[in-house]
Amino acid sequence: MSYPHPPPGPKHAPSSYSSGSSDPFNSTQQLPYSDNPHNPYGGAPNPGAGGAGVAPPGQAGQYTPYYDNDPEMDRRYEGGGMGRETWASESGWSQNDPDNKFGSSDFQHQSGYLPSRASTPTFTEGSRDGHRPREPYPAWTVEANIPLSKEEIEDVLIDLANKFGFQKDSSRNVYDFLMIQLDSRASRMSPNQALLTLHADYIGGEHANYRKWYFAAQLDLDDAIGAAQNPGLARVRSVARRGKGAKVGSASSKSLDSATNRWRTAMNNMSQYDRLRQVALYLLCWGEAAQVRFMPECLCFIFKCADDYYRSPECQNRVDAVPEGLYLRAVIKPLYKFLRDQGYEVVDGKFLRREKDHDQIIGYDDVNQLFWYPEGISRIVLNDKTRLVDIAPAQRFMKFDRIDWPRVFFKTYLEKRSFFHLLVNFNRIWIVHISMFWYYTAYNAPAIYAPRGSTRATAPMAWSMTALGGAVSTIIMIAATIAEFSYIPTNWNNTSHLTRRLISLLIVLAITGGPSVYIGIFDQNGQISLILGIVQFGCSALATAAFAILPSGRMFGDRVAGRSRKYLANQTFTASYPTLTKGSRAASCLLWILIFGCKLTESYFFLILSFRDPIRVMTGMKVQNCTDRYLGSNLCINQAAFTLAVMFVMDLTLFFLDTFLWYVIWNTIFSIARSFALGMSIWTPWKDIFARLPKRIYAKLLATEDMEVKYKPKVLVSQVWNAVIISMYREHLLSIEHVQKLLYHQVQSDQPGKRTLRAPAFFISQGDKGLKTEFFPKGSEAERRISFFAQSLTTAMPEPIPIDSMPTFTVLVPHYSEKILLSLREIIREEDQNTRVTLLEYLKQLHPIEWDNFVRDTKILAEESNMFNGGGNPFGSDEKADSKRADDIPFYTVGFKSAAPEYTLRTRIWASLRAQTLYRTVSGFMNYSKAIKLLYRVENPEVVQLFGGNTDQLERELERMARRKFKFVVSMQRYSKFNKEEHENAEFLLRAYPDLQIAYLDEEPARKDGQESRIFSALVDGHSEIMPNGRRRPKFRIELPGNPILGDGKSDNQNHAIVFYRGEYLQLIDANQDNYLEECLKIRNVLGEFEEFRISAQSPYAQNGHSEFNKFPVAILGAREYIFSENIGILGDIAAGKEQTFGTLAARSLSFIGGKLHYGHPDFLNAIYMNTRGGVSKAQKGLHLNEDIYAGMTAFGRGGRIKHSEYYQCGKGRDLGFGTILNFQTKIGTGMGEQMLSREYYYLGTQLPVDRFLTFYYGHPGFHINNILVMMSVQIFMLALVFLGTLNKQLPVCKYNSRGDILPGQSGCYNLQPVFKWIRRCIISIFLVFWIAFVPLFVQELTERGTGRAILRLVKHFLSLSPVFEVFSTQIYMHSILNNLTFGGARYIATGRGFATTRISFSILYSRFAGPSIYLGLRTLILLLYITMSVFIPLIIYFWITVVGLCVAPFLFNPHQFSFSDFIIDYREFLRWMSRGNSRTHANSWVGYCRLSRTRITGFKRKRLGLPSEKLSSDMPRAPWRSIIVGEIIGPLCIAIMFVICYLFVKSFPASNGVTQPGLLRIAIIALGPIVWNMALLLVLFLVSIFLGPILNTCGTNFGAVMAAIAHFGAVVGAIFAFELLWLLELWDVSHSVLGLIAVIAVQRCIFKILIAVLLTREMKGDESNRAWWTGVWTGRGMGASAMSQPAREFIVKTIEMGLFAADFLAAHVLLLFLAIPAIIPYFDRIHSMALYWLLPSKQIRPPIFSLKIKKQRRKTVFTYTLVFVAIQACLVALIVVPLLFQQVISVELGTPFGGAI
C-alpha cells in the first residue's frame, strides 16, 4: 500500500529503477543531488550520523564536506504544501484532510464517526473574548518561535515513510509521539532547545546510547577511512576491523578524544531540520522494531545504515514511494524469525517450545552483543558470502533483506546450569569467608599439625599453616577462572585476559603454598623456616586482601578502566557505573567496614574460640575396642575424625551466616538514621506535623513562585485540602460528620458583608490536648493516608514547576487475565463447597466503617430517586422505626434493595475497590488527571475568571491540560479475545474513563492454509468509535512481524504497547496497585527528582556548553509501596511486612549507597533513557523470569542513576493465601536461580568495586544464598549431632565436677564436654539467624508508627505462629533456587490475588509441598528422634518446633483445617486420591503426582503431545546429565554412606548379649527386602493381569483398580514388616532401631533415585502405560512400537512407585495423627481462625449451612471414615506400642533372633 501523494522528488533527472532487481530499495544509478545552485559545496563538516546533505559519489564518508540541500525551509514544497498529507492528531482524523486521504489505519470512516478527542484533541471550542482555538501541541506554535512547523515535521515523516516503507499507522503514531515529546519539553524551555536536547538524548549527546555505541563499535574508524573504492585504504580498513584502533594519519587525529571532539563539532553544525529528521528516523525504526527493541545496539546499527542510505543520492533521487510495510518485511521480520526459531519449532501449524536450555539458545543479549564490537559487525554476511562491511556505508541498508542472519550470530555468554556461576560471580564472598575462616581456625587448631605426642605446634609450622589461607584464596580464584572459561566462548575477543590471569594465579599459588611443603616435610624448626613462614604469611595476607577487594575483571588486564580501545564496548555497556557523591561513597565504605569489623570480631570470639577445644580433644581421639564383622576396626576407629570433619563444615556455614546477621543489623541502623535525616519518622522532633500541614501544602505542593500576591495562601490551600477530604468521602472512607469537621468552611467575617474561611479544628487540635474531637475513625484507612501525607511533606522535595510547564508522563499497566471488575455472582456467592463465606461478607468484616458509609450513601440515593419517581416523603414521621429497620436489611446485607443495574453496580464497584482488581488500579491512577486539573485550577485563578460562569468550558479547558500532561495505557494483551463478561467490564472502564487507552493484540487469520496469521498492535480509547460488531475502531493498528509473546509474557506485553506511551517519563504499574489523590498531588515533585526541570540554556554540543550535560542521568526513580492487604490475617501481614522491609527499609539505604536496582511496581522511568537501552524489561523465556530487575541492572551498568523517593507511595496488593504466597516465593526463588546464570550478574559480580559489590550481593542474591545456608546449617548440624550421638551413646564420656576436675574411677573415658558446649553455641547461632528476620520489620514499625503499634504487631505475629511460616518459606526459597540451578524449568506462576477463605484439601497440600518440604521435614524428624535419645540438651526443643513446622506449616495455615467433620471428609478424599487413576484416567491422583515429580529427570516423549491440561510440564526440558549425576546420584549416595557409617559404628560394639552384629548385612536385608518383595508381587500380578485382564475388564471397569490396591496394600505390609524385623533384630533397643531406620531410608532413597536417573527412559505424556500395566490391556493405547518395550520400563517404574506408595501412605498417616489431636479439641477451630484471620470470634465466619440431605450424607461419611481413620491409626500405633510393652516377654521367648546371623 503506497502513499497517495509522495512528496515531489528533485526537479531534475529522475533516477531510473532496475525492474529486475529483487530488492525494492535498489536503484541502478546514483546521481548527485543538489537543490541549491548558489552553494553546491558548503564547507561545514558532515555530522556524525547524518544530515540531509548528500555527498557526491565516492565521498560519502563520515567526515566528508557537508552539503546543505535546502537552506530555505519554505522552498521545500512549492505552493505551500501542494500534494501534502497531514495528520493533525493521533486520532486519524485531520483538520486539513476533508476527504480522509489519510484514513485511520485500514478502516475508512463510517457515517457518524466523530473525531477522537483522546490525547491530542483537535476540536475548536467556542471562544470567548477572542480566545484562540486550542492547539493539540500548545507549546509548539508559530508564536513560540519554533524551528520547524508541525506541517514541516509531518512532511519529514511522510518523506521518510515513503523512502523506507514504514507503515502508515506507525508513522502517524510516531508523529504524535514526537510532537508530544517536543511539546512537553518546549513547555519549559525554548522550542529550539527542546529539539536540541531531544536530539542529544536520542542521537548525539554525551549520554545518548547511539553515540556511545558509535564509538564502542569503532565506527568512527570505519567511517573515517572513507569509501570502499579507495584501494590505498583497504588495508587500513581490515586493521580497524580487527579492533586494534588503526592509526591513520597522525596518532592524535585518530585518538578517541579528537574523534569525540569532531563528533561534537559535526553535531553542533547540523541544521535543526536534520536533527529532527534523524530523531524521526530513529523513532520510525524503533516504532516498528518489535522484538528488536530488546536489542538496542542492533537497533542503532539499523538506524545507522538507514541514515547513511538516506543521505545517498540513490535515495534522494527516488521518485516513487516504496511499498508500505517494506521496512517490517525486509529488516525486522528476518531478525524476528531468527529469534523466534531459537526457542520454538512449528509442529502441525502450532508453535512448540524447543527442548533447549539457555546455553543452546541464541537470545536477545547474544544477538545484541554482536553489534558491540567491530569484529562482530564484520561477521555479518549476505547470502552470496559478501561481508556487509565491505559494501559502502550508503548501500548497506539496501542489502538487509539478503543478510544470512543464522550464519552471523553465536552465543557470547553461556548460561549453563551450574553452581559454578556462584563461584565466578561472587568469588570475593567465598574468598573473604573461606580464607578468613582458614586463618582463624588454622591458628587455633595447632593440635592438627603439631608434632606427634604434642598438642603444640612449632612456630614455623604455626606461621606456615595459618598462611595457607592465602593458598586457599588463590585456589578459589583459580577455580573461578577455570569455571569462567566454560561460560565465555573461547572464539571471542575476551578470553586472552583469562589465560593471562590463570598463569599469574598459578605463580601466586606457588608463592603462597610452596613454603608450607618445605617447612612441613623438611624442616619444622629452623630459623630459615621461621623467616620463610613469616614471609609466606605476609604474601598470603596481601594475596587474600587483593583477591577479596579487587574485582576479577580488573585483575591482570583491566576490562573496567583499561585505556585500550579493545575494552571500550565492555566498559560502555557493562561497567559505566554512575559515580556516587562523596557522602554516599563514604557511607558505603563505612557501612561495610562496620559490618565486617563486627563480623570478624564476633566470629573470632564466639565461633572460632568455642571450636578450639573440640578440635583439641577430638583431633587425636581413636576409638578403642570396636570391630565390625566385615570391615574390622578400620572405619570405627576414625569415627571421631569423621565427626570433626562434619563439625568443621558446620562452623564454616555459621561463619557465612554471621555476615548476613550483621548486614541486617547495620543496614537497619543506617536506614533508620537515613529516615531521621529525611524527616520520615514518627520520632523525628517535628512538633505538630498537622498544625504545619497547610503551610507545607502551600510551600511544597503548589508552584506559587510566579503567582500574583493578591491570592491568599489560605484560599489556595483550602481548595487542595477540601478536594482531598471529599475524595476520601467519595471512597466511603469518611462519614459526612467527619467530613464536616475536616473541611474549610466559609463563615461570616467581622467586617459586614464579607465572608472568610475558617480552617478545620483538625489543624489546631493536635497541639491542644483539651480538644478531644474524633476527626476520623481510629486506625482507619483515612487516618493512615492523612498521617502519611502530613508526614511526607516534612521531607525535602524538589520544587514543583507550573502545571503548564511540567513534563508529560505515562502510566503503563500490563494486563493479562487479572480481574477487571468483580461480578455480582463472585461477590455474593461462595466460591465452592469449601468456602464458608461470600466475598462481600468477608469484605464487610474487613472494612466495617467503609461499608456503613457506603450503605448510608446508598440509602440517601435510593430515597432521592424514590422521591424523584413520585414516592412518598422519605422524612415522613408516621413510619414506624421497626419496619424501617426491617426495610433496610437488604442494604446492610448486599448494599441494594432494587436489583436495577445502577444499584448492583455500586456494590460491585465498592467490592472491586477493596479487592485486587484492574478497576481499582485504573481508578486509583486516574487520580493523576484529577490532581493535574485541581492544581491547574488552583494555581491559575485567571483561567477560572476567563470562562466566567461557563463551567462546561472551564471543565473542558482543565481536561485538555490533564490530557496533555498525563496518559494512561493499559496493555491488555488478550482484549480482542475477551469473553463477553470481560469485554463488558473493559467497556465499562472505557466509559468511566474515556481517556484510558487500551493497547492490545489484534489477530487477522491467515489468508491461505500454511501461512501464518498476521498480528497487529492496536490502540483504542474511550473516544474511539464503536463499530457494528460491538468492538471499537482502533486509532492505530501497527503490524508486527509475528506473535510478540515469545517469553514469559509480561515483558513482551509491555514491549508491544511501549510505542503508545507518550511524554518523557513512564510509571510502571502492576494490575494490583492503587493510588490516592493526595499522593498524585506530588507528581511534579516526583518528576523533579529526574533533575531535568531546569535545563541549561547552552547547547549540549557547544564547545563550552556540553560540560553542563555531563552528569549521569537519573534512569529510574523508586517509590514506596503501602501493602493494602496488611492486617488481613497473619499471612497477608507477613507478605506486607516483607514488602515493607525490602521495599522501604532496605531500598532507602540501598539507594543512598548506590545499590538499588529496579523491581517493577511503582517505579518511574526516564523513558528515553530506558527505551534507547533495550526497553523497560528483558524478555528471554525463563532466563528473564523476574523481568524488571534486569532493566535496573542494565541501567546501572550503562551509567544510569537509580534513586528512591521517600515521600511518595502507591498502594499494592499482595498474595493472601498460604499457597499463593509460596507460589510467589517460588517464582522469586526460581527467578533468582535464573539471575545467577545471567550475564548481568557476571558483569556486576566481576567488575564492581568492592563496597558496591557487597551492597549488590547482600541486597539481592545474598539474601537467597543466605536462605540456602540457613536451611543447610540445620541439615549439617543434624548430621553432626547424629555422629556425636553415636559417640555419646557408645563410648564412656568423662564426667567432671563443678570446678572442672575429672571425677575419679573413669579409666578409658572420652572427653566430649567441650563438644557439648560447642553444640549449645551452634544452636544459639542458628536461633539468632532465624530470628533476625523479624528485626527490620519491628524497627520499621517502631519508627513509622510508634512503640505500641510495633509491639502489638510483633505479638500478633508470634501468637499466630509466624516464625513457623518463616522457617517454611526459607525452605521453599532454598528448594526453588537449588531446583532451578539443577534442573531449570523456571516459569511464570500466576499468583492468586484473591482472599484466602477456602479450605484446601489435605491431598492437594500434601502433593504440592511434599517434595519441597514435607519429606525433608519428616526425615529430619527421625534424625531428631535419634539425637534426642542420644545427646539430649534442652535447647534441642527449639529444633523440634522448627522441624515439625517444616512438616505441618501448610496445614497450620489452611483455613478451618481443624474443623473435625471437614478433617474426616478430607481423609476420605485423601484415601481416594491415593488409590485412583489406575483403571480410569483422573486429573488429580497420587499416580499422576508421582509421575509428574519424576519427569524433571526423565523428561517427556515429545512426539506424542498429550492433553493441553498438561502444558504445565510440557515446556520443562529434561535436566542435563551433569546435574542429574551430582544432584540425583552423588548427593543421595554420600548421605546414605554417612548414615550407614554411623549405623556400622554403633554395631561395631558387642550387643547386650555379647554378640557382635553384622551391621552391613542387616542394613542390606532391611533396605533391599521390601524392594525384592515388591518386585515378586508385581511379577505375579503382571501375569495375572495379562491372562485375566482382557477377560475381566469386559465385566467391569474396576479390575485395574483392584490389582493396584492389592499391590499397594502388599507394599505397605512389606514396609511395616521390614521395620518390625529391624526392631526385633535390634532387641527392642529404640535408639538403635531409629538409627537403623535412618540408614535404611537413606539407602532406599538412594536406590530409587539411581533407578529413576539411570534406567528410566522418557515419560509418556498420558497415563496409558500405568493403566495398561494394571488392566493387562497393552494394545490399542497408541503406544505403537514401544508397546513391546514399555512393560519392562513400567516394571521398574512400578517397583519404585510401590516403595514410594508405602512411604507416602505411612508419612501421611503420621502427619494426620499430628493434625487429628487439635481437631478433636473443642473450639480449637475458632482459636485457629482467630490466629489466621485476626478477627474476633463474634466477627468470625459462620459455619456453612447445608441442606438436610447433605447434612445426613455428611454425618454418615464422617461416622464411617472416623472408624476407618481410628482403625488404621490404631494398627500403626499398636505396631510400635505393643512391642515396647511386651519387650521383656518377647525377648525371653526368642533369645537371639536368627542365631545372630543378621
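Just so it is clear, glycine is given a Cβ too, placed from its N, Cα and C backbone atoms.
For 1-11, the entry in TrEMBL reads compositional bias 'Pro residues'. Annotated compositional bias 'Low complexity' per TrEMBL: 12-22, 54-63, in sequence order. Residues or ranges marked as compositional bias 'Polar residues' by TrEMBL: 23-37, 88-125. Summarising the annotation, TrEMBL assigns compositional bias 'Basic and acidic residues' to 126-135. Taken from TrEMBL, the feature domain '1,3-beta-glucan synthase component FKS1-like' covers 273-385. Taken from TrEMBL, the feature region 'Disordered' covers 1-138. Positions annotated as transmembrane segment by TrEMBL: 419-440, 461-482, 502-521, 590-609, 630-657, 1318-1339, 1409-1429, 1435-1453, 1566-1589, 1601-1623, 1635-1656, 1705-1724 (among others).
Contact count against the transmembrane segment (502-521) (Cβ pairs under 8 Å) is highest for 461-482, out of 419-440, 461-482, 1409-1429.
Long-range contacts of the transmembrane segment (461-482) within its own chain (CB-CB distance under 8 A, at least 6 residues past either end) are made by residues 420, 423-424, 427, 430-431, 434-436, 438-439, 442-443, 446, 449-450, 498, 501-502, 505-506, 508-509, 512-513, 515-516, 519-520, 524, 529-530, 532-534, 536-537, 539-544, 547-548, 552. Only pairs six or more apart in sequence are counted, and the transmembrane segment (1635-1656) with the transmembrane segment (1409-1429) gives three or more Cβ pairs under 8 Å, enough to call it a contact. Look at the domain '1,3-beta-glucan synthase component FKS1-like' (273-385): DSSP puts its residues at 71 helix, 10 strand, 32 coil. Among residues of the same chain six or more beyond the transmembrane segment (590-609), those with a C-beta under 8 A of the stretch's C-beta atoms are 432, 436, 440-441, 444, 651, 654-655, 658-659, 661-663, 665-667, 670, 1149, 1153, 1250-1251, 1254-1255, 1321, 1325. Nonlocal intrachain contacts for the transmembrane segment (1318-1339), taken as residues 6+ away from its ends with a CB within less than 8 angstroms of a stretch CB, comprise 606-607, 610-611, 613-614, 647, 650, 654, 657-658, 660-661, 664-665, 667-668, 672, 1137, 1140-1141, 1145-1146, 1270, 1273-1274, 1277, 1281, 1284, 1350, 1353-1354, 1357, 1363, 1366-1367, 1370, 1431, 1433, 1435-1436, 1438-1439, 1442. When pLDDT is averaged over the domain '1,3-beta-glucan synthase component FKS1-like' (273-385), the result is 92.
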